[in-house]
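Participant: Feature annotation from TrEMBL assigns domain 'Cytochrome c assembly protein' to B:89-295. For B:315-640, the entry in TrEMBL reads domain 'Cytochrome c-type biogenesis protein CcmF C-terminal'. For B:6-26, B:38-62, B:126-148, B:207-229, B:249-266, B:273-292, B:312-331, B:352-374, B:425-442, B:448-469, B:493-517, B:613-635 (among others), the entry in TrEMBL reads transmembrane segment.
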Amino acid sequence: MIKRFLLAVVLILAAAPAFAVNPDEVLSDPSLEARARALSAKLRCMVCQNQSIDDSNADLAKDLRLLVRERITEGDTDKQVLNYIVSRYGEFVLLKPPFNVRTLLLWGAPALLILAGGVSLIIFVRKRAGQPTGSKLTADEQARLVELSLD
Amino acid sequence: MIIEIGHYALVLALAIATILSIVPVIGARRGDQATMEIAPFGSVLLFALVAFSFAALTYAHVVSDFSVKNVWENSHSLVPLVYKYSGVWGNHEGSMMLWLLVLSLFSALVAVFGRNLPDTLKANVLAVQAWISFAFILFILLTSNPFIRLDPAPPEGRDLNPLLQDFGLAIHPPLLYLGYVGFSICFSFAVAALMEGRIDAALARWVRPWTLAAWIFLTLGIAMGSYWAYYELGWGGWWFWDPVENASFMPWLAGTALLHSALVMEKREALKIWTVLLAILTFSLSLLGTFLVRSGVLTSVHAFASDPSRGVFILCILLIFIGGALSLFAFRAPRLSAGGLFAPVSREGALVLNNLILTVACGTVLTGTLYPLLLETLTGDKISVGAPFFNMTFGLLMIPLLVAAPFGPLLAWKRGDLFGVLQRLYVAAGLAFVAALAIFYAEYGGPMLSLLGLAAGLFLVFGAAADLWHRSGLGKVDAHVAWRRLKGLPRSAFGTALAHAGLGITVLGIVAVSTFATEHIIEMKPGQTTDVGGYVVRFDGMQPATGPNYREDRGHFSIRRGGFEVADVWSAKRVYVAQQMPTTEAGIQTFGLSQLYVSLGDPTKDGGIVVRIWWKPFILCIWGGALIMAAGGVVSLSDRRLRVGAPSRKAKATKPAAPVMEAAE
């Protein structure tokens, strides 16, 4: 059923280049439409570069937008819609990657960096305490200093 | 013939760069004046040769000499003259030539204005600059030569990418490169200092103005690019966290951190080692950005190059320079002496916090940009890291930075009084909150987080004003005394206030647009109207038109408010004839700081057309804030202590109160 529907959509669209979110896609219920828009912003248009399907005018993005809306009207929760899309297209489709072993370092990066920065700051301050400061004098400057102190 | 001479000039430049890379370093080692003096002379000569070479390429573009492959691929006889000029850098080869031109320009500037720099430092700095020039000239000659001829010459060119036929994009790359490449000076100073094994006051006084100059250009370049994307790509977005945007944003973040740490190094002789490291990292990120964009490793709107041999070459440049500089740093840093001490609550402490957050934010953007590439290379798994990730992580990191920024300038050096600063800022904070509530109420609310965002933006603006207010002593002393004090403040104080206020205005714009913007997607027939952001937009009809190298269908919209026509806009769908490439030309009408954005979709079967109209409240604040930030930079750059310039080591030896000695007490 869905496949036939999608095929029909593709055939209609093949004639003219599509445009990101067309009036005919918009759901009549504003709250459902708002959910569809929010979900669309989280999904990647896979033939584009880092663009969400909400922003993209590619045909594939339109197919996905319609798919999202279809799932929503059939009563899926946001999570179910995302799971459904991921099961069909893989995690690549999610613009916000899920937190798992593979993305551990990605999501952990800010915390790790703050920790590393903070720890090195503390070590540095501890090490610094009691050490002389300022830049070393060159031989010229040293000589000049001696000269000055003689005056 | 001119093309061949231009080509030859570039080869000569390679020879000069080779000499410049080696001879001055030897001279500096031996303390040989004559050998060191080759550096400034050679740098100017190098610039002259590169400039000639660039001019030759420009000439070929302007006269549409299609026997030159680069011109044939990227130009057309009907392209308007201004885009024939900008078309020079609207392609891979030309943009690398621009990169090189800017690089050699900066070297020449150091050579000319650096008369009072210590001789060995100047020789080393110019030599390091020459290493970079050498690498990029070699890269251009071996993999991206723009002077290749075609025989027989084609009668007509293949046209400049229509997206690039735009004034915004004509000036975006030069600004961006002036910023990117400007950081090379900081890099060269840092490496030269490491080579000498000492960081002296001359270095500290030189790094800050150069960082500031590069930062101003980069700020303007990024803002320009963002505005270009906004009006040209036709869906009203202004920042996409696209890897190419991130490539320019990372040096900006690192450069902003560098700007602040250089301040500490200059004034207090502290954070010297960190500043040197940051200078290396900032330019490394510029190189990384060049690699990401130029190698085609990411394919997006901006990346018009995809040839693996180029990618490998730039990767080698990247590894040699970053690896080399960082190894040198690892070797030499322990020998460098650290600077002055300070309490955690002090202006230095605030600037350390600024550096910590900015560096972490930069690292986060870097991780998000490279993670998908690395994961795919290592495991073959494909994931996407897009706007939702960056908005969340980067956004969270920015909150403490924005809240802390107004405190910095009010804290005293060495040991600050946090309670005293709080007493000076509570009025600003209160005003910010009230004003945020007022905007919130006028725009009919939104998520609570946006209220906090607005308040944070306004706090920056009012906090900057509070800084100047208290410095001049307004309210405490007579008005004319306060005025005299205000006039007597160093320009850098005004620069700081302007830049911080500009940041606040940008934040304000970002929060307002993300929260209060409205979107209308409808089918319109001529005569039909719709309400957007308090205005009535009427679609009057479509008409065809032709430009020099395109055809377009443009729609006319009249905008009414309270029954009166206040404006009208044209919005078009354009087809560039040579490449048969369609583009949308959005119709944009500005009302105060807000804009009405009209973009055309497809015609419907019953004679109407799909129209998308956005109301973008306060959107001009985003770029206006960036302009104010850059203006702050310019004001700060005109500060007296920077115009006077850095003292030379010789001059210092005769002046008893030289800063180097002071710090050694």
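Along the chain as shown, the residues are counted starting at 1.
A Cβ is built for glycine as well, from the same backbone N, Cα and C atoms used for every other residue.
For the listed features, I'd like the structural context: burial, neighbours, distances.
Facilitator: Distant neighbours of the transmembrane segment (B:6-26): 32, 35-36, 38-39, 42-43, 45-46, 49-50, 52-57, 59, 104, 123-124, 126-127, 130-131, 133-134, 137-138, 140-141, 145, 147, 195; these residues of the same chain sit at least 6 beyond its ends, with a Cβ under 8 Å from one of its Cβ atoms.
The list of residues near the transmembrane segment (B:38-62) in space but at least 6 beyond its ends in sequence, with Cβ under 8 angstroms from a Cβ of it, reads 2-3, 5-7, 9-10, 12-13, 16-17, 19-20, 23-24, 27, 68, 70-71, 74-75, 81, 84-85, 87-88, 94, 97-98, 100-101, 104-105, 107-108, 110-112, 114, 122-123, 126-127, 129-130, 133, 137, 146-147.
Sequence-distant contacts of the transmembrane segment (B:126-148) (same chain, six or more residues past either end, CB-CB distance under 8 Å): 3-4, 6-7, 10-11, 13-14, 17-18, 20-25, 28, 39-40, 42-43, 46, 50, 56-57, 68-70, 92-94, 96-97, 99-100, 103-104, 106-107, 110-111, 184-185, 187-188, 191-192, 307, 309-310, 313-314, 317, 320-321.
Residues 166, 168-169, 171-173, 175-183, 185-186, 189-190, 237-240, 245, 248-249, 251-252, 255-256, 258-259, 262-263, 265-266, 275, 279, 282, 622-623, 626-627, 629-630, 633-634, 636-637, 642 of the same chain lie 6 or more positions beyond the ends of the transmembrane segment (B:207-229) yet place their CB under 8 Å from a CB of it.
Long-range neighbours of the transmembrane segment (B:249-266) within the same chain, counting only residues 6 or more positions beyond its ends whose Cβ lies under 8 Å from a Cβ of the stretch, are 179-180, 183, 186, 199, 204-205, 207-208, 211-212, 214-215, 218-219, 222, 272, 274-275, 278-279, 281-283, 285-286, 288-289, 339, 347-348, 351-352, 354-355, 358-359, 361-362, 365-366, 369.
Residues 99, 180-181, 183-184, 186-187, 189-191, 193-194, 199, 204, 207, 211, 243-244, 247-248, 250-251, 254-255, 257-258, 261-262, 264-265, 298, 311, 314-315, 317-318, 321-322, 325-326, 329, 333, 336, 338, 355, 359, 362, 366, 369 of the same chain lie 6 or more positions beyond the ends of the transmembrane segment (B:273-292) yet place their CB under 8 Å from a CB of it.
Outside the transmembrane segment (B:312-331) by six or more residues, the chain places 131-132, 135-136, 139, 142-143, 187, 190-191, 194-195, 276-277, 280, 284, 287-288, 290-291, 294-295 with a CB less than 8 A from a CB of the stretch.
Under 8 Å from some Cβ of the transmembrane segment (B:352-374) lie the Cβ atoms of residues 241, 243, 246-247, 249-250, 253-254, 256-257, 260-261, 264, 271, 274, 278, 285, 292, 297-298, 382-385, 389-390, 393-394, 397-398, 400-401, 404-405, 408, all in the same chain and six or more residues away from its ends.
Remote same-chain residues near the transmembrane segment (B:448-469) are listed as 399, 402-403, 405-407, 409-410, 424-425, 427-429, 431-433, 435-437, 439-440, 475, 486, 489, 493-494, 496-498, 500-501, 503-508, 510-512, 514-515 (criterion: CB distance under 8 Å, separation of at least six residues from the stretch ends).
For the transmembrane segment (B:493-517), the residues of the chain that approach it from at least six positions outside its boundaries are 238, 402, 405-406, 409, 439, 443, 446-447, 450, 453-454, 456-461, 463-465, 467-468, 471, 593, 614-637, 639, judged by C-beta separation under 8 angstroms.
The list of residues near the transmembrane segment (B:613-635) in space but at least 6 beyond its ends in sequence, with Cβ under 8 angstroms from a Cβ of it, reads 212-213, 215-216, 219-220, 222-223, 226-227, 230, 236, 238, 443, 491-492, 494-510, 512-513, 516-520, 522, 530, 532-535, 537, 590, 593-599.
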Participant: Let me know the model's mean pLDDT on the domain 'Cytochrome c-type biogenesis protein CcmF C-terminal' (B:315-640).
Facilitator: 87
Participant: For the transmembrane segment (B:425-442), give me same-chain residues lying six or more residues beyond its boundaries with a C-beta closer than 8 angstroms to one of its C-beta atoms, as numbers and ranges.
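Facilitator: Long-range Cβ neighbours of the transmembrane segment (B:425-442): 406-407, 410, 450-452, 454-459, 461-463, 465-466, 512.
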